[in-house]
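S.K.: To start, I am sharing the structure in question, which I have written as structure tokens.
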Amino acid sequence: MAAPDAMTSLVKSSVALLSSAHESLPTSLAAMKTAETAPSSTFGILGRVILSILSVLPTLLFWVSYTLPTWLFTLFSMSLTFTMNFTTLMLVLVFVVSTISYFVRYRYLTMYARLPPEPQREEPQVEVFPESQEGDSKRGLSNYLDEFLSAIKVFGYLERPVFHELTRTMQTRRLAAGETILLEEEKGFCLVVDGLVQIFVKSNREESDSDEDDGELQGESGGGSAQAHRQGYQLLTEVKNGAPMSSLFSILSLFTEDVKLRHDEDSGPSSSTPMSPQHRPSMTRNSSFNMDDSRPETPIEAQEATIRRRRTSALASPTAGGRLSNVPPLSLDTDGFNDNFKHSKQRRSPSRSTKPKSAHPDIVARATVDTTIAIIPATAFRRLTRIYPKATAHIVQVILTRLQRVTLATSHAYLSLTNEVLRTEKLMNKYTTYDLPGFLRDAPLERLKEKFTKETERLGSDEGMKGIALHNPGAGRRRRTSVSIRSSTAAQARLAAARGTSIGSNVEAISRLTSPEQGMRNDRISAGDLLTNTQMSRGTGRSGRSSFSQPYQHDVRRDARTPLDASGFNPFASPSMRPNLHRQESIDEATVFRESVLGCMFKAIGLTSPENPVPRPAASVEQSPRLVSFDAKRQKAIFTSAFGFMDPYEASRDGDADSVASASNLSTLSASGNGNLLEEVVNDVEIVFFPKDAVLVEQGERNPGLYYVIDGFLDVSVAVEEDSSESNVLGTLPTGPAVTEDDLFGPPLQPTATNTSLRNGENSKKKRSRKSLFMTRPGGLAGYLGTVSSNRSFVDVTAKTDVYVGFLPRASIERIVERYPVVLLTMAKRLTTLLPRLIQHIDFALEWVQVNAGQVIYNQGEESDAIYIVLNGRLRAIKDAENGKVTVIGEYGQGDSVGELEVLTETARPGSLHAIRDTELAKFPKTLFNSLALEHPGITIKISKIIASRMRALVDDPLHEQSKERSNKATRTNVSSTVNLRTVAILPVTAGIPVVDFASRLMNALNQIGVPRGVVSLNQAAILNHLGRHAFNRMGKLKLSQYLADLEEKYGMVLYVADTPVKSPWTQTCISQADCILLVGLAESSPNIGEYERFLLTTKTTARKELVLLHAERYCPSGLTRKWLRNWPWINGSHHHMQMSFRATAEPVHQTGRRLGNAIKQRVQVIQAEIQKYTSKRVRQTPLYSADTPFKGDFHRLARRLCGKSVGLVLGGGGARGISQIGIIRALEEAGIPIDIVGGTSIGSFIGALYAWDADVVPMYGRAKKFSGRMGSMWRFALDLTYPSASYTTGHEFNRGIFKTFGNSQIEDFWLEFYCNTTNISKSRSEIHTSGYVWRYVRASMSLAGLLPPLCDNGSMLLDGGYIDNLTVAHMKSLGADVIFAIDVGSLDEDTPQAFGDSLSGFWATFNRWNPFSTHANPPTLSEIQSRLAYVSSIDALERAKNTPGCRYMRPPIDPYGTLDFAKFEEIYEVGYKYGKGFLAQLREQGVLPVTEETEKEKNLRRTMAPRRASI
């Protein structure tokens, strides 16, 4: 028992121990938990997870290995039997099939119906931000100054010292209402500061100048005094605030009073030359104000001088009382005025022979209200001429340019006063004819002709017509750079000036060379053959060239006027002659000819030789011209001649003039230093031979240079169009070839030129007859006016016989004009002398107007009082509709005219006219027209022709017919929006876009396309290089605007590249000067508004804005363009997709740290790129099928769009017959004809959309063939049949076929611009679709009524567009397309005569259809009648399309094929391809194709810019 007890006690003790341990366990665990909380909890959770997995795992294994197999065995061992009849089975089967068909048909296959809605983009409204105009009356000092500054803008840019010098002696006068002044007596520049002045001219005056001999041009300007009071006066114009009362002629006369008309070596000073200083001792302080005039004082002048000396503000009145009564409108029969006027005429009659010609002949001014005028006296202009000669030349250049562009061009092209304008060309010959020396007339000339004859025989007649130039060994040794010349000769020029060296000594050598004595020396030298002595001069530099002055150094020393001249340093002599004065070298005859021709040219343009020097003042005065004595009381400078300080060969030695008035010009003109002028220019002279009938200068082009006739005769003529009925004088409507506006402003950038060449063969080359004006004999100069003034020629210059001429390029003339202002002043003097008085009166009334961007010129409903001609800039005419919307009537660019119809019919303005940008206008007042019409009825006839031609254009214009009764937005808002664009701004969306590279490529494309007069690209660097660092400050803004206006007039198109930060002045200038703004963005970047767009919106510009999206690859993802256009509602032009390789981001900066991580990341990116090559969709960068032509690029497409030379493709509807259009497009591609815009109707919209998508033939062919296969399946058509309530089919299969072709692509994403038309039967009109999902509007355009149901779009039902217009040529023309290829594949109309009587039996009609012996035509069926009714309006539109200018109508022979013959795809395709090849070959034979190479012929017109160098 002991053992069990012991065992029991042991158990009890163990239990007690375990219980105590159990009781102490929580405390120990708690302690451990507090010690190691985190690790114990983590391991505890992990342990529990492991234990639970181990506990569940056996259960799971048992279920999988035993339970599941048992259940499956039991299930598959069971037997289940269902019993049902056939009806139940069929119902179940039908239910299942229907359910599946429903989900497949209406859920899966109708994805096209569940696309997110993308409605058509609304056309943006016309932006109008007019400036508030307060009328003509302004008050306040600031407005007073504004009026004065606006009046003197006619002088162009005036620097501050020049402005102060011009206005320091200005006088302000006050005219009472009705007070009259004789502008003929006013010596100065008059302008109206406040008030209104009427200008009158004698109306009954006999224009005797036109009947007199040419030598009598400087006759006196009025009738006798007895007839003065019987002369009626005609209102010429009204001068308002800020307008000058003086004309451009009067300004030129003030500057050129002391300039000689002709410089003869053997003649003394002419009557126009002022007295020398020693003959004018009486010029003292007691001299009156007008003492410098070469005529005695009249009582009126004495009275005026007295009043001026007393400094009164009242104007001298012709009457004793100082005030006149009101002058009647057409006569000035006031007694007091007539008596005084008669008395003054009698007093002045003895001195009439010495009276200079007045700048204001027969002009009277009358103040309508109390008026304030300002007068800048003539002395201010003389002093300005002396102190700032280059500034004077600049002003004269500006005035001459405006005189030509405003007065002469308007008179010539607009008023039909061609004879009056061209008289100047003829009469100028007597001032510019200088014969060559006699020793060059015989043997040397014969040897010259012999060499040219041999070369002509070798080259042939075609090459010879371009001109053959004599080999010029010195042509390669042109002038040094401007920097080196300026640095090396600036000090030399001042040293020569200090020593009194005459620059005119250069001509001295020429004069001796052309003397008979020198001719004998030349005979002794025996020049021999033309290249006898050129081998020695070819290999040497400039110093080694045989100078024309070297063989005659003894004569130079002998003829020197002073020892200082002989021994002094001459900076203008050649470097080779200075160290060795006795070097003798022979001269070849070519050099003698060039130097002689150059000497005669210099005399003709006004550069005198020192035998008859212009009188010079004392040397002391010359050294300090700013210290000229000036009498402040008499406001009279005590000096002699207006050119006393400016020798004709003096290149502006005045330091102040150089630094102030010409510093910026010298920094940009190449080779403008003061080197030896003859040495520099003689190498530019070419001896050129032109055969008979060769054209040297064409009417309307810039003169290549000066032509000096050595032998032969030149015919100066004007071209006359034989058929000018289609011409539109100033080019506002592109209806025909503009002829006279080419002479006015050069060829316009509009679709008129190409239209002429792309019409019928007989119309493409119109015969132009020439009206001969005069002949230029040997010794005469051709191209003088146009070359010196840098304007276009009014005349044609052709070779009447075989002619040998000396040619000096325009660039050399421009250098001479810039350095020697007397050349311009001489031409201005001759112009003011020769132009008839009628032109002067027109110049007086024509007003040069400068308006700011957004400024309103006239408002809708105002009285029409003037015609406006655009000199540069752009205008937009708008009309406010009754519903509050603004519509564009038209836009007018350079050379266009506005307002003739309203002025002639005396009706109110039909709309408002405002300036899109800063614009210069010529204002032609109605009063001037009325005045001229009385004496020159031809003016009325000319204007009537203009109005009649415009009315005819409106009647014949298909666009006008289309928009007259329909409200087609696309046709109406884009009227003339791309016509005659002259300035284009390239603006980036945000920083970092390569606009400079873009502009460079665009400019190259524009040059290849062929813009008339060329293209120039401007960026900030170019402007700063030309105008200096002050180009954008307040002082340089006027100078900058004038420079930009000159560039716009000189070039056909100006590109402004905004390559500066956002708010820089240059960016603002680019925006303000643009006719069209191209916003360039990267397609893959964010479409959010960039900083440049925000700045653009703040400028409130109304210019046309177009979006350009640059793609790295030739692919545009669907919906990308819509994202851009959705955020940019102000894009009122089109958008362009262009491929351009660029670097989107800059090179990343490599970090120095974590090199291993960067290397791994870079390696991963490389691997991903390699994988994407094989997994992603590859996008081709070039078209699969492309002809070898450079004109199909994206930049050429944009260039043609900007120039108005776009090529459009219009595809008509006709069902399966439209497959032939694919073959014709392939033929166009192979011919190298680019397509820029695509439009289509019905099947044409489908084919056109396929081509516009990628601009590629191969994918278009594949997709079209796939679609034809679907349409050719009769099973698909049968399965789509439905109950014919609205149509025979549901349209689902048709929708599926189109959607599978285009997917969710949108029209905006197409690479080419595309549109399609539909017929809106809800609103009974045609609609044009240019945005939205492609498949919807292509489907709508193909919806044949009855076969397909209409497509619902925004509540409207759309059907086939061919019901109204099956060939949308009119809309394509409105988009700016110049050449249009229209392909018509519609069915022919059945026009067989019918005679079935007044009633018709259906049984008889059916029997007659099957009766082969019937003689009656088959009557139309009901469906045929409905079809003919539907296409009634389309037939009329088709006939108008065929007659549209520039349209090439094509109809392939596809009549045997039906509308649904899609199964004959290959056959129809081959028919179209063969027809296209034959049609284009025919056009090529007619000389019409290629379209893009027409500019090569135009380049050859400038034959003498780069004459052929024949190594004779």
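Every residue number used here counts from 1 along the chain in the order it is shown.
Every residue, even glycine, has its Cβ placed from backbone N, Cα and C.
As the structure is a computational prediction, the values presented were derived from the model and not from experiment.
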S.K.: Do you know which of 165-169, 580-584, 1100-1104, 1240-1244 Swiss-Prot annotates as motif 'GXSXG'?
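M.R.: Matching range for motif 'GXSXG': 1240-1244.
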S.K.: Calculate the distance in Å between the alpha carbons (Cα) of L781 (nucleoside 3',5'-cyclic phosphate 1 binding site) and D1360 (active site, proton acceptor), and round it to a whole number.
M.R.: 67
S.K.: Residues sitting near the transmembrane segment (84-104): Cβ under 8 Å, six or more positions beyond its termini, same chain?
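M.R.: Sequence-remote neighbours of the transmembrane segment (84-104) do not exist; the answer is none.
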S.K.: Using a 10 Å radius around its CB, how many other CB atoms surround E701 (nucleoside 3',5'-cyclic phosphate 1 binding site)?
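M.R.: Here the count is 21.
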S.K.: Would you mind reading off the Cα separation of V685 (nucleoside 3',5'-cyclic phosphate 1 binding site) from D1360 (active site, proton acceptor), to the nearest angstrom?
M.R.: 68
S.K.: Check L781 (nucleoside 3',5'-cyclic phosphate 1 binding site) against DSSP and tell me helix, strand or coil, would you?
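M.R.: L781 (nucleoside 3',5'-cyclic phosphate 1 binding site) sits in a strand per DSSP.
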S.K.: My understanding is the cutoff is Cβ-Cβ under 8 Å with a sequence separation of 6 or more in the same chain; which residues meet that for D1360 (active site, proton acceptor)?
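M.R.: Correct list: G1213, T1241, S1242, T1318, T1319, S1341, M1342, S1343, L1344, A1345.
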S.K.: Other than its own, how many Cβ atoms are within 10 Å of the Cβ belonging to S717 (nucleoside 3',5'-cyclic phosphate 1 binding site)?
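M.R.: Total other Cβ atoms inside 10 Å, all chains included: 20.
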S.K.: According to DSSP, which of helix, strand or coil covers D1360 (active site, proton acceptor)?
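M.R.: In three-state terms, D1360 (active site, proton acceptor) counts as strand.
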